[in-house]
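Presented below is the structure to which this report refers.
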Amino acid sequence: MKHYLSVNDIDSLPMWVSEAITLKQNPTAYKDLGEQKTICLLFFSNSLRTRLSTQKAAMNLGMDVMVMNFGSEGWQLEFEDGVTMDQGKAEHIKEAAQVVSQYCDVVAIRAFAGLKDKEKDEAEVVLNGFKQHASIPVVNMESSVGHPLQALADAITVKENAITAKPKIVLSWAPHPRALPHAVPNSFIEMMKLQDAEFVITHPEGYELNPKITAGCTIEYDQAKAMENVDFVYAKNWSSYSNYGAILDTENNWMITQEKLGSAKFMHCLPVRRNVVVEDAVLDGSQSLVLEQANNRTFAAQIVLQKILESL
Ligand code: CP
């Protein structure tokens, strides 16, 4: 595998999930694979889980790890071709990506959507800039439109906790005081298309996601109806896609409560705002899988890095 940029880079989801679950029994089984190899993690946006789990995964594989908060510590990058760089941006992606390629064997990038300009966000300038100009594999640690490492961890978590071959899984919009990007729900939806599941998306009207991503999915505007007989509830906030980046409804009647959850398992990628997105009773109860999801981030990243190292 050359790059891991989206869920569509997974050639066999059942195989990857099964390998990840096996790996959990002996996380350092492939410690020799990454010997003399270096991964560079470049953060243009904040992180807790992605940073530490990807680092842990690389260390389990015997890799050396370099981490840089590029957004706050690096030179401001120019991504456009042919511009006269006489303003604030000090370095062009062409040099930056090639320089990084000289220091490491794999580069992983996190760069969130700005949520101001849909066209610019969907162009994925940071991720695609590195893909175009780096000579090494590129891993997406959450870009403007996708978070495929999270989605793979979610698929592992579902597999470990499903009690039926085809569980009912509901992706539910939930309230949040700030405008959030679409990357997590986008990749979760793409993952659900690879999964044997009865999958339903529920959100208030106006929060429809990119129709190219939700094509073929069931969308139910009535949250209670969507959650009938559900096995897994995946809660996530996102801002409006059509009214790009806007918050349309800050009422908390979409918050996930224990009463709404019933006997279902609860999932969220974290970080989560307690008593806004989901009530304490759910997060503190035995049906919450959020810590398992966070733990599975290590094994999702490790499977991805393993596939990349095997192909170097
Ligand atoms: N879920 C997730 O990606 O967490 P971080 O933003 O903390 O990395």
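Quick reminder: no glycine exception, Cβ is built from N, Cα and C everywhere.
Record note: TrEMBL gives Glu142, Lys236, Arg273 as N(2)-succinyl-L-ornithine-binding, and the candidate from His176, His182, His203 in that site is His176. Cβ neighbours of Lys236 (N(2)-succinyl-L-ornithine binding site) (same chain, under 8 Å, six or more residues apart in sequence): Leu171, Ser172, Trp173, Ala174, Val184, Pro185, Phe188, His268, Cys269.
The two recorded residues, Trp75 (carbamoyl phosphate binding site) and His176 (N(2)-succinyl-L-ornithine binding site), show a Cα separation of 32 Å. For the binding-site residues Glu142, His176, Arg273, a Cα to Cα distance of within 10 angstroms from Leu149 (carbamoyl phosphate binding site) holds for Glu142. Of all Cβ atoms in the shown protein chains, 19 besides its own fall within 10 Å of the Cβ of His176 (N(2)-succinyl-L-ornithine binding site).
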